[in-house]
Amino acid sequence: MSALEKSMHLGRLPPRPPLPGSGGSQSGAKMRMGPGRKRDFSPVPWSQYFESMEDVEVENETGKDTFRVYKSGSEGPVLLLLHGGGHSALSWAVFTAAIISRVQCRIVALDLRSHGETKVKNSEDLSAETMAKDVGNVVEAMYGDLPPPIMLIGHSMGGAIAVHTASANLVPSLLGLCMIDVVEGTAMDALNSMQNFLRGRPKTFQSLENAIEWSVKSGQIRNLESARVSMVGQVKQCEGITSPEGSKSIVEGIIEEEEEEEEEGSESVNKRKKEDDMETKKDHPYTWRIELAKTEKYWDGWFRGLSNLFLSCPIPKLLLLAGVDRLDKDLTIGQMQGKFQMQVLPQCGHAVHEDAPDKVAEAVATFLIRHRFAEPIGGFQCVFPGC
């Protein structure tokens, strides 16, 4: 596995050759990125996959934080879903529809702090400890002192946060734990190459359709159906596009002002740069919701010691991987000792739950039924994996 492939444990995949998307109509938005078959890259609303949305208020020392959650289901255990870095709760949309049709359960997909539509006072703090406390606080705000049985399921960064949450006993009614394509060894190895990968991504997009198309063609999300709903949670409209012409222009939060003392040549260069930046934003009005590069100081804390934390959690555990080569030494030994259930889902990218939502739903449903956490519905038949 290459260094860039390994680097995807923050929730991203490096560029890959174009792959056919699944789902979605063949008509609609025109292709903007080269020749080929016309496919529909228009965004799809969350309401096609989730039953409801709620903004959960959490009190803390600095005031109120508001966490966005998307929900489905009314009976059975709660599957609390935590997304990868840079993604949002909408990355679980297609999986939600798939799992709800297989077992009796409730879905709560959470936008973690600084992601999606969640609004917090201290958006700079993305430490594992703080995000794990957020999860516990949201559960308490939603269910009070008597929460229902809960299984934590996390992808990439969200998988690490799920483990930290479970290890700190922040969810008292925890039934089980599932990590999706996150392993300490490969994640730690990949951190050095992550900044290079992030620098190689587009910084802006012409439209939501353009962002969705890029995500599919780059291989970040191999499933067009999922990309059409989940990319809306990854990008936002740029700020400063409609700034009035005149003395000051706000570009990416920096007020650029021409200094009278500057030499005429330098002033001209600065003016052109400012105008070019504004023109770029007008032509490409969408950018990433979170600048992952600025979260680097927290990466080590997300993943270091993760394997032993996962193994030490005294609840049934499931590990879903895109490839068996992602296993590190501690998890290999733990798997041989039967400390957790593992399933490899080949022909998936890093965003396993988006690329193969039905396979992930089947694996999770089988896990829930095997441990008698949930009842099957719709004639679902368990398929017990060999490992």
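Yeah, the Cβs are placed from backbone N, Cα and C, and that goes for glycine too.
For S156, D181, H350, the entry in TrEMBL reads active site. Annotated compositional bias 'Acidic residues' per TrEMBL: 254-266, in sequence order. Per TrEMBL, the feature compositional bias 'Basic and acidic residues' maps to 269-281. Per TrEMBL, domain 'AB hydrolase-1' is recorded for 79-363. Residues annotated as region 'Disordered' in TrEMBL: 1-38, 254-281.
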If one measures from the C-alpha of D181 (active site) to the C-alpha of H350 (active site), what distance in angstrom results, rounded to a whole number?
6
In Å, rounded, how far does the Cα of H350 (active site) sit from the Cα of S156 (active site)?
8
Fewest other CB within 10 angstroms, which one of the active-site residues S156, D181, H350?
D181
Do you know the mean pLDDT across the domain 'AB hydrolase-1' (79-363)?
85
